[in-house]
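Supplied in structure tokens, the structure appears directly below.
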Amino acid sequence: MNPLLIPLWREERARFHLWGLQAGLAPLLLGCCLDVNRLVLCGVSASSLAPQLSAEVLLGGRPGDLGSHEGAHVHGTGPPWEHGEEDAPGAASESHIQAPRLTLVLSLATLIAAFGSSFQYGYNVAAVNSPAELMKEFYNQTYYERNNNYINEFSLTLLWSVSVSMFPFGGFLGSLMVGPLVNKFGRKGTLLFNNIFSIVPAILMGCSEVARSFEMIIVSRLLVGICAGLSSNVVPMYLGELAPKNLRGALGVVPQLFITVGILVAQIFGLRSLLANKEGWPILLGLTGIPAALQLLLLPFFPESPRYLLIQKKDEVAAKNALKKLRGWGDVGSEMEEIRQEDEAEKAAGFISVLKLFSMRSLRWQVISIIILMGGQQLSGVNAIYYYADQIYLSAGVKHHDVQYVTVGTGAVNVLMTVCAVFVVELLGRRVLLLLGFSVCFAACCVLTAALALQDTISWMPYVSIACVICYVVGHALGPSPIPALLITEIFLQSSRPAAFMVGGSVHWLSNFAVGLIFPFIQVGLGPYSFIIFAVICLLTTVYIFLVVPETKGKTFMEINQIFTKMNKVSEVHPEKKELKDFPISASGL
């Protein structure tokens, strides 16, 4: 041991040991004292650990629970600083010990919200792909039974296109409903209400063949689109407001993880040997109601967003109780204070509509950023890659019957890389994942263009095309898919967040709709060179992120807002609130 630390070590050991004797815990604490030198060398004194250890040993609790057990200690048995001495542990070490963790309640709330809502989005994206020919045959046969003649080819294609496009159009409508619903019903309440748009269409689609009505499928696709439009915005908002800042990134990626899981499950159930057959396709479409039913049963037992309860409902008791359940201990004062500071900062702004969002100078770069990120997410070619994938696999020599299994493998890669994003987002940060993801997508699009152009002249080029598809899926799953929705939660405060999600969701679904509508024509006109357009969009988005988008990892909402305050060249959080111009960037809070 360093000689300079010996007196400190002895003092800390003596204080710790004597306090343990007073509490009647000498045998246990003598063993703990053996490691005091290690704690001192690490910069954490035994005196700063003592109260937390006392609570854990005496009360069967965990470190940090001391404040929630009133009257647990008899006067004279506690550590010296409980009796007014001046060596109270520093705030830094205490906050380090009480760093929020992933509790059971927070974990289950995350899983139920994501499985019951985000999973359905992914499932309904892919559920109609495998049985497409069977469903067209059903459309044609039903029309014949009504009119004694079959639909002509153009009308059948148009009818199928309407069925498919109803989903993104419904998503757009759902995005427009986000603001009014989350302000009226809350985040959790909106998710529960949203299950109507899943259970009803699930029943309609499951019964469509028996009822001999393809109109039921078209209406149902619109309704599940509304469900997806709401869930794709409300779930990230809900989880972002439940999570402490050190877990916000990881939990914010979970909705995208369940979207990819939903896609994969739909691809597996859509195998011809399972449900993509004449008898099974209505069941395949109707299964989307099961996650919604489970969420409807389980989510009511979990807390509403504490920020919604305190800032919008003005119910401090309910907000505090919700935080206690989510964090697993009673000392939530610092986090409550951070929410109050946000509430104070927001009072001048009041309710912020979409029109007001665009007119506020203090939100200028936030709005531009979400439009570019959400647009770049969809216009970067992810849907086109999946559309082109089957043709690429066939050109590489994969048999037509086996393409479905390769597609499932691609879906599995997507899930695996999104799982990686959950674990690395708090390590590498949001900005790095966005830059890495869009850069990989840019490179994959460039090489894929060359590979498709040369695949008829060079024998091994189709294999390069397959590698490009996989690389693109990996890059998109790391950053462009999961991060933009997370950033909307982080870069906007409570009053502007619903309107921001309405804008971001609308851009997302309109871009999705545009790519699905326009890409077939681009493919006919440009052929393999169509991916150059997507490469340019990926490059421009990468440049914008590098120049403008800041890192938000480990920062409170107020600290992030202060970064954009400087970028927007305004002196306050909201220009109307003059007294907030000196609000400290290092505001305490979790």
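Placement of Cβ uses the backbone N, Cα and C atoms for every residue, glycine included.
So TrEMBL lists the following for this protein:
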- 110-553: domain 'Major facilitator superfamily (MFS) profile' (DOMAIN)
- 69-92: region 'Disordered' (REGION)
- 158-179: transmembrane segment (TRANSMEM)
- 191-211: transmembrane segment (TRANSMEM)
- 217-239: transmembrane segment (TRANSMEM)
- 251-269: transmembrane segment (TRANSMEM)
- 281-302: transmembrane segment (TRANSMEM)
- 365-388: transmembrane segment (TRANSMEM)
- 403-425: transmembrane segment (TRANSMEM)
- 432-454: transmembrane segment (TRANSMEM)
- 460-478: transmembrane segment (TRANSMEM)
- 499-522: transmembrane segment (TRANSMEM)
- 528-549: transmembrane segment (TRANSMEM)
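Looking at the shown structure, can you explain where the listed features end up?
Same-chain neighbours of the transmembrane segment (158-179): 124-125, 128, 132, 135-136, 139, 151, 190, 197, 214, 217-218, 221-234, 353-354, 498-499, 501-502, 504-506, 508-510, 512-513, 516-517, counting only residues six or more beyond its ends whose CB sits under 8 Å from a CB of the stretch.
Remote same-chain residues near the transmembrane segment (251-269) are listed as 106, 110-111, 113-115, 117-127, 129-130, 231-232, 235-236, 239-240, 242-243, 275-276, 284, 287, 404, 407-408, 411-412, 414-415, 418-419, 421-422, 425, 477, 481-483, 485-486, 489-490 (criterion: CB distance under 8 Å, separation of at least six residues from the stretch ends).
Tertiary proximity for the transmembrane segment (365-388) is limited to same-chain residues at least six positions away from its ends with a CB under 8 Å from its CB atoms, namely 357-358, 410, 434, 438, 441, 445, 469, 472-473, 476, 480-481, 483-484, 487-488, 491-492, 496, 500, 503-505, 507-508, 511-512, 514-516, 519, 523, 530-531, 533-534, 537-538, 540-541, 544-545, 548-549, 564, 567-568.
Counting residues 6+ beyond its ends, the transmembrane segment (499-522) has Cβ neighbours under 8 Å at 164-165, 168-169, 171-172, 174-176, 178-179, 182, 229, 232-234, 236-237, 352-354, 356-357, 366-367, 370-371, 373-375, 377-379, 381, 383-384, 387, 484-485, 488, 491-492, 530, 533 in the same chain.
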Using Cβ atoms only, state whether the transmembrane segment (460-478) and the transmembrane segment (403-425) have three or more pairs under 8 Å that are 6 or more apart in sequence.
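In this chain the transmembrane segment (460-478) contacts the transmembrane segment (403-425) - 3 or more Cβ pairs sit under 8 Å.
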Under 8 Å between C-beta atoms and at least six residues away from its ends: which parts of the chain pack against the transmembrane segment (432-454)?
373, 376, 380-381, 392, 421, 424-425, 461-462, 464-465, 468-469, 471-472, 474-481, 483, 527-529, 531-532, 534-535, 538-539, 541-542, 545-546, 549, 551
Out of 191-211, 217-239, 403-425, which stretch has the largest tally of CB pairs under 8 angstroms to the transmembrane segment (281-302)?
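Out of the listed stretches, 191-211 contacts the transmembrane segment (281-302) most.
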Restricting to the domain 'Major facilitator superfamily (MFS) profile' (110-553), report the mean pLDDT as a whole number.
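PLDDT averaged over the stretch: 87.
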